[in-house]
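Quick look at what TrEMBL annotates:
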- 29-283: domain 'Protein kinase' (DOMAIN)
- Leu35, Gly36, Ser37, Gly38, Gly39, Phe40, Gly41, Thr42, Val43, Lys58, Glu114, Asp121: ATP binding site (BINDING)
- Asp160: active site, proton acceptor (ACT_SITE)
- 296-321: region 'Disordered' (REGION)
Amino acid sequence: MLTLIASDETIIMIIMSSVKGKKELNKTYHVGAQLGSGGFGTVYGGTRKSDGLPVAVKLINKIKVTEWGLHNGHNIPMEIILLKKVSHVSGCIKMLDWYEVKNNSAHSYVIVMERPEHVQDLFDYITEKGAVNEETSKVFFRQIVETLYSVHRSGVVHRDIKDENILVDLKTGELKIIDFGSGTLLKDTVYVTFDGTRVYSPPEWIKHHRYHGKSATVWSLGILLFDLVCGDIPFEQDEQIMKAEVSFRGRLSHDVKDLIKKCLAIRPSDRPSFEDILNHSWLATPQLPVEKLSLHGNNNNSSCQHGNSVDTVSMSSQESV
């Protein structure tokens, strides 16, 4: 059996099903303390016994799985399907293994993923350091857009892009997108369900409960870029999201404000594509190499903090889904 030791010292005993034997799991991994929990599961730290590689072990209760996909004729959580499809994308967290588990009447799934060292999620990074200077933000944002471009070309839409789901390597400046628990297969038609974070959701979802995967992702990128350069997200309430009136904080370049405004266009069809974003003048200007970034300092623009509004720009009032 696999023993998961939670932070409160309680012990959870999990009996492996026939999908993969318990002996194989116990032979391969040591699983330790709880790292965190959320709506889709609980994550534990661990190591691979053969080489000491740090791993994250995510335990998902079957009753919390909202979407399924077919694998070798069997239904498994969509998150596993998506992680397999993006396994070649360097900017995504890697799944190393997965298991179906049973404990008496309980039925769960275990996902074993890489656990990078010397990392911090972008939410904590911004909380500690404040708004990120534009040079560093360019390097971060380009990585995120390029990764999501590859994710979409792999037929996957993440649907919960936010600072908490992006890991920053504090030594290399490389970023990884995590937590595909809200994701699904990418399609050209509309989606009518959404399990992501509401303050990152687009106005068409708030108003109509409908959205397209690509344009909704671009909206969330606009929220994220604002968060990077201003130190906080632009909207907290549904009414603010639907109005899309952005209050820029601090001294920002015209180009970065222009890119944010384009991504946060109310009409989904007015938002740029990934190619448009990557070719935008703000990202087209020369960037510092990753090794030249100051990852441990804060923004030189000390006035660019939450609550310091400089100007307000209202997006187009027209909208359509």
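For all residues, glycine too, the Cβ spot is worked out from N, Cα and C.
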Rounded Cα separation (Å) that holds between Asp160 (active site, proton acceptor) and Gly39 (ATP binding site): 13
Diameter of the ATP binding set by C-alpha atoms, the set being Leu35, Gly36, Ser37, Gly38, Gly39, Phe40, Gly41, Thr42, Val43, Lys58, Glu114, Asp121, in angstrom: 21
Would you count the other CB atoms within 10 A of the CB of Leu35 (ATP binding site), including those on all shown protein chains? 15
What is the one among the binding-site residues Gly39, Gly41 whose Cβ has the most other Cβ atoms less than or equal to 10 Å away? Gly41
Overall pLDDT for the domain 'Protein kinase' (29-283), taken as the rounded mean: 95
